[in-house]
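Structure, as structure tokens:
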Amino acid sequence: MINSQSIILKTVILFSMAILAGALPQQCNKPDAEKIMLAQAMKAGPAPGETCVLVQHCFRGPDDPTMEQSKCPNGADPTHINNPEISYFTPTKLKRKDSQDAFKLICPFMDQSGDLCCNDDQVEIMNSVFGKDCSICAANLKRMWCDYTCHPQKTKFVQATGYQMDPDDGNLTLTNFTVDPDYACTITDYEHSLIDNIHSCDELVPTNGIFDNYIDCQNCTCAYCDKACKPPEVSADIGFFDGFNKELVGISYGVLIGFTIIFQLIRHFCLKRKLQAEKVSDSDQSDSLLNQKMRKESDNDLILETNDYNQRLQNQRNKDD
Ligand SMILES: *[C@@H]1O[C@H](CO)[C@@H](O)[C@H](O)[C@H]1NC(C)=O
Ligand SMILES: *[C@@H]1O[C@H](CO)[C@@H](O)[C@H](O)[C@H]1NC(C)=O
Ligand SMILES: *[C@@H]1O[C@H](CO)[C@@H](O)[C@H](O)[C@H]1NC(C)=O
């Protein structure tokens, strides 16, 4: 989204949120002014008509082209810009055509050819911060930064309160930025959108991408906008086949049944043939067994007969004796 930290880096803002009488209950916490370190108060106030405060420039060397001539020579990112300087002045028009064209895209609800409290460098600084991004949330923030930087009646809601040296961020300009409480809360809390030109992040961007006069806008994705995450429709009914993977189970059973059928068929035909073969050999075998048995029996008979004969012979001999 927006790299607004880079702007905040050079500018500490105090949100004061007590403008609307009978303000509705607020969900977001009021920023603690005590946390902002002591600032050197600005002594000189604005002269009549000086409705602008805070001016910012990008770094330009003595040999570099001036702001009226061309863009920032080294870019307008946070490493190539001064911190905002506290001074009061009357609104002026943008000097260059390319700045006006850029401004029309960044702040489409403001008149790019009218008097403004920002200069060409500041338009370029805003452009480098915003880039091409325009989600619905970005549109809300852009609107706020456009007013904060360029509104021709800026002193009505922006007060410069001094400078402060920060060990990490260096020279900071302290400002007191007064915003409508609903506006402040809707920027951080989209649930409570009460102002017409502040948009809820689940609003639909028309297919042509033009949203609140901004071009190239996209619908907010679920990742950035909780409200865009519609819960899936879940039925509480539990059916008999719920959680049943019909395809997988069907395939498993199909394979099992097919395999069983094939196995039984193979078994049936092979066994039949085997049984037949066995029957044949069995009858052969039983025949021979029978013969053997019969032979054996006849042998026995023979032996018996022989024994009988021997016995009789013996008896006869005994008799003879
Ligand atoms: C901080 O910046 C302002 C404006 O650029 C300048 O007037 C002031 O002297 C600076 N303060 C320090 C301590 O550098
Ligand atoms: C900021 O402005 C509000 C309202 O005008 C005022 O009450 C508050 O004291 C100011 N804070 C500072 C640090 O100047
Ligand atoms: C935003 O979503 C709506 C509804 O899904 C769709 O009709 C529209 O084209 C989308 N807008 C963009 C810019 O994709």
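Just so it is clear, glycine is given a Cβ too, placed from its N, Cα and C backbone atoms.
Annotation comment: TrEMBL describes 1-23 as signal peptide.
According to TrEMBL, the feature domain 'Niemann-Pick C1 N-terminal' maps to 87-184. Here the domain 'Niemann-Pick C1 N-terminal' (87-184) has, by DSSP, the following mix of helix, strand and coil residues: 43 helix, 23 strand, 32 coil.
Residues annotated as transmembrane segment in TrEMBL: 248-266. Beyond the transmembrane segment (248-266), no same-chain residue lying 6 or more positions past its ends has a Cβ under 8 Å from any Cβ of the stretch.
For 307-321, the entry in TrEMBL reads compositional bias 'Polar residues'.
Across the domain 'Niemann-Pick C1 N-terminal' (87-184), the model assigns an average pLDDT of 88.
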